[in-house]
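Novice: Below you'll find the structure I mean.
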Number of protein chains: 2
Amino acid sequence: MTAPLPPGATIGILGGGQLGRMLSVAAARLGYRSHIFEPGAAPAADVAADTTRAPYEDGEALEAFARSVDVVTFEFENVPAEALDRIEALRPLRPNRKALAVSQDRLHEKDFLCGLGLATAPYRNVESEDDLQRAVDALGCPSILKTRRLGYDGKGQVRLAAASDVPEAYAAMQGAPALLEGFVDFSMEISVIAARGVSGEVACFDPGQNLHEGGILRRTTVPAPIPARLRTDAVLLAGRILNALDYVGVLGVELFVTPAGLVVNEIAPRVHNSGHWTQNGCAVDQFEQHIRAVAGWPLGDGSRYADVVMENLIGDDMDRVPELAATPSTALHLYGKAETRPGRKMGHANHVSPKTD
Amino acid sequence: MTAPLPPGATIGILGGGQLGRMLSVAAARLGYRSHIFEPGAAPAADVAADTTRAPYEDGEALEAFARSVDVVTFEFENVPAEALDRIEALRPLRPNRKALAVSQDRLHEKDFLCGLGLATAPYRNVESEDDLQRAVDALGCPSILKTRRLGYDGKGQVRLAAASDVPEAYAAMQGAPALLEGFVDFSMEISVIAARGVSGEVACFDPGQNLHEGGILRRTTVPAPIPARLRTDAVLLAGRILNALDYVGVLGVELFVTPAGLVVNEIAPRVHNSGHWTQNGCAVDQFEQHIRAVAGWPLGDGSRYADVVMENLIGDDMDRVPELAATPSTALHLYGKAETRPGRKMGHANHVSPKTD
């Protein structure tokens, strides 16, 4: 087994948003320094030992960054391949390129998941309006047309209510490679936050139930109200994905609960918004779990000791901070973003109650 | 009531050790930036937005520091009075000078506590060898001679086993003002971590039992095995101290449990090592509680949800990190200090178990 990074080593983090910020704090708690690489505004810079502000196209900055750190991880899966090439030539990248390549492209992701024998929404590749027409004929409506790359928080998606929506929906993709996903009749969305260490051990946090509004995660509730059988399925399925990718770090898996069992919605090769509840529900949270894996430590104990409702604070929800600050059993986590904008994730609140299950 | 500091405001912290480091992380979690002022090595710098490295005698550096922040607090009570004068002329200092003045001098501290009607060890001011001789005659042996100022972790203390130790003990003080403390027959030491907000509300964490070795805190156990009556006494007594000082922030109160009730050992006008258990036992820990108070927020909910044994990792205890990292229900907190030295606090481990009491 690889020896863990020594105390005082530096972890490079691609991306300086709130996930990078919370990763940086977790790294510090384990005695490591963090170096953030971020082209734009970086809330993570306030809690990192070093920050490089440069575009991903700046090869020199990337290489200087890589040389200054001991291992590189990311909070953001859409880092350009060329940037990753430069980094990987100099330092280990955890999780690895395969995990990134799969999750950067919805088509590859679905092919990969189906190849593992897992259920996904029915899907068709769409490279032309004719493709889309045939896909709608095959999968029916309602269905969702999604760009293959660079979508998040509901962006890059168009819903088709009827076959007559095809021309407008196709035009909205502006020529970007896309895929059509058929309708999945699900009772709820859950997610499981799973981790795999350098020596191959796997650990999962309890699944949570997710509620979205306008394509953005609004709330995650643990425990998810699902039978024990499905909890087991979720864990086994996450383990299968992690092992197939030879993954090191934390992975988020979004799942639909359907009458026929669990259907994988998507995977995120990083700490995940739906895992923020772990900060106030577990001795080791998802951020520390990720840093443990990336630094070559044994995975931590992710047992849940409380019930938690995690609520995202989006845009004007910040007006509720004084009220939330005065609410017992509510832990606030604010991201220090300079400007409040509609739809912008500004923080989250974990509402904690005694463990029932 | 004063309005809370706005999001993105900066909290100045005098002292960049592990307490400053954990305060800085807590400030970030509430959306604030931190600026550390530290003459020496600063583990806190790795998680702070800004750091000034300068001696407390550098008036210009102090003033630039003060101008760059919105409020100033400290992790270290022995900041020179001249430095505090310069800062206070520019920005609010929380907690205030009175709390610092009292706790910087053991004689003033004991006079203050006795003035509130609280019990302390019997004590005598010692300004000469004759004073010491008279003090030993009055208080008997064993007793402890302590410097009035600048003692911590058992430094600046000499134990007198017999009256014949007087000349050697007095010489060891090297002329520093001192006081002799008489023997207190106590069954255990406990401490209570208390907080007071800007609007005067008070909150206390559950008392913990402290175990020292070689003058350094080794372990704190919550709940402390004391009757409910004494828990109440501890809280009332802490509240009396906070109110008398018009205190804003977290205060540590060390208490001896004696057959006659609680005797105050000492107070620390800052977050306290014996409060580190709160990081894994409460939704709001002592660091966030301090930042909430300093930033003008309502105090948080410090209810305890677990039993915790906090164990300091001192010097070579760092060799145990791999074992501790693999222990379930143990949360590690490492300080990122570059060099391990005997007697140096390198981190701590919180061993968490279900709440029994």
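Here, residue 1 is simply the first one shown, and the rest follow in order.
Cβ atoms here come from the backbone N, Cα and C positions, even for glycine.
Copying in the features that TrEMBL gives for the protein in this structure:
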- A:R106, A:K146, A:151-157, A:181-184, A:E189, A:H212, A:265-266: ATP binding site (BINDING)
- A:110-295: domain 'ATP-grasp' (DOMAIN)
- A:338-357: region 'Disordered' (REGION)
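Show me how these features fit into the shown structure, please.
Specialist: Around the Cβ of A:N265 (ATP binding site), the number of neighbouring Cβ atoms within 10 Å comes to 19. According to DSSP, A:N265 (ATP binding site) is assigned to a strand segment.
Mean model confidence for the domain 'ATP-grasp' (A:110-295) is a pLDDT of 94.
Counting same-chain residues at least six beyond the ends of the region 'Disordered' (A:338-357), those with a Cβ under 8 angstroms from any Cβ of the stretch are 18, 41, 153, 214, 216, 223, 273, 276-277, 279-281, 304-318, 321, 324, 327, 329-332.
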Novice: Within 10 Å of the Cβ of A:V184 (ATP binding site), how many other Cβ atoms can be counted across all chains shown?
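Specialist: Here the count is 17.
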Novice: Based on Cβ atoms within 10 Å, give me the single least packed residue among the binding-site residues A:R106, A:E181.
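Specialist: A:E181, out of the binding-site residues A:R106, A:E181, has the fewest neighbouring Cβ atoms within 10 Å.
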